[in-house]
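What TrEMBL says about this one:
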- A:H89, A:D91: Fe cation binding site (BINDING)
- A:C98, A:C101, A:C134, A:C137: Zn(2+) binding site (BINDING)
2 protein chains.
Amino acid sequence: MEAQIDEILRKNQLSVTGSRKRILELFLMSNGALAHGDIEKKTGEKFDRVTVYRTLQTFLEKGIIHTIPTSDNSVLYALCKDNCSEGHHHDDHVHFICQKCAKTICLADVHIPQVKLPGGFLPHDYQMVVTGLCAACR
Amino acid sequence: MEAQIDEILRKNQLSVTGSRKRILELFLMSNGALAHGDIEKKTGEKFDRVTVYRTLQTFLEKGIIHTIPTSDNSVLYALCKDNCSEGHHHDDHVHFICQKCAKTICLADVHIPQVKLPGGFLPHDYQMVVTGLCAACR
DNA sequence: ATTTCGCATGCAACTTTGTTGCAAAAAGAT
DNA sequence: ATCTTTTTGCAACAAAGTTGCATGCGAAAT
Ligand SMILES: [Mn+2]
Ligand SMILES: [Mn+2]
Ligand SMILES: [Zn+2]
Ligand SMILES: [Zn+2]
């Protein structure tokens with residue numbers, strides 16, 4: 001794990017620092033998505049709030065994590081499974097949010113189906129979020 | 001319009017007040033979605049911020065409006081096109097967010113395609129958001 | 001039309017969340 | 001070990017959202 005973390009950071013030309021290692025570790029451990037608040041809680045007093053914001057921002061720009069839209073004024077982040085690169089994400093998979101345990105899971109194998117849009121619209125990015133009950137909660 | 005507004009409020013057993021009329025009018029006028037901030041700006045100093053929060057909350061509960069998830073810590077609201085009722089929304093249409101003009105459009109005619117989820121997941125609600133360029137901006 | 005009652009609103013105070021500038025500290029390079 | 005660049009923490013701030021409570025207004029009853 002330690003080695004994996006280092007590799008990810010190096011591969012993205014990021015210096016290996018305590019906060020980056022820890023936050024990346026959190027993502028690798030939880031197979032789901034994390035909100036900014038989750039990370040703050042789990043890192044405790046270890047890092048400044050601002051550092052968490054900036055680290056997430058950096059990871060996002062480098063394509064290490066991607067965002068998942070939600071309807072509740074929060075943004076979720078999850079590790080990019082595919083080979084995303086700086087500025088070019090392609091996580092065209094469906095996300096599932098459990099209404100009971102609130103876990104968000106990347107369904108990496110479930111691709112987002114294409115839809116036909118009315119004339120004039122030029123689509124660029126598709127997002128699909130399914131809410132319901134996860135296997136553990138149903 | 002005035003009549004339409006009154007009817008919507010009455011139908012939902014809501015008393016007809018200034019702020020509710022005004023906010024509903026904003027939704028009827030803009031064919032797109034509105035964020036809380038948009039409404040605050042457009043109503044100017046007319047209503048208290050808290051009233052806007054509470055009005056949106058009420059409309060949401062009554063099924064007059066629905067939310068649209070976004071990836072930027074904002075929630076968008078739009079009029080329910082179908083007959084949504086208290087607690088039971090069924091706006092299974094795709095939403096389009098223009099990256100240039102930032103307008104969000106309900107594609108009421110574009111239904112969200114069904115996807116097959118891995119075993120165990122019990123889906124309840126599907127959301128699909130497409131970003132790109134709208135007809136006016138491309 | 002007037003009164004009554006409950007719901008809606010405004011205000012104040014507060015909490016939470018996110019941003020920015022800058023100096024100190026830590027990484028990486030030499 | 002020293003230098004240079006990047007990252008971090010802190011402080012101060014701005015924006016966004018919440019809550020309790022007194023007042024005002026809408027809708028119904030008289
Ligand atoms: Mn994902
Ligand atoms: Mn819609
Ligand atoms: Zn669950
Ligand atoms: Zn546009």
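Positions of Cβ are set from backbone N, Cα and C atoms, glycine also.
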When DSSP states are folded down to helix, strand and coil, where does A:C98 (Zn(2+) binding site) land?
strand
Pop the Cα-Cα gap between A:D91 (Fe cation binding site) and A:C98 (Zn(2+) binding site) into the table, whole Å please.
20
Please report the three-state DSSP label of A:C134 (Zn(2+) binding site).
coil
Between A:D91 (Fe cation binding site) and A:C137 (Zn(2+) binding site), the C-alpha gap once rounded to whole angstrom
26
Taking A:C101, A:C134, A:C137 as the binding-site residues to compare, which has the smallest set of other Cβ atoms within 10 Å?
A:C101
Out of the binding-site residues I have (A:D91, A:C98, A:C137), which ones have their Cβ sitting under 6 Å from ligand 3?
A:C98, A:C137
Binding-site residues A:D91, A:C98, A:C101, A:C134, A:C137: those with Cβ under 6 Å from an atom of ligand 1 are A:D91
Filtering the binding-site residues A:D91, A:C101, A:C134 for a C-beta under 8 angstroms from chain B leaves A:C134
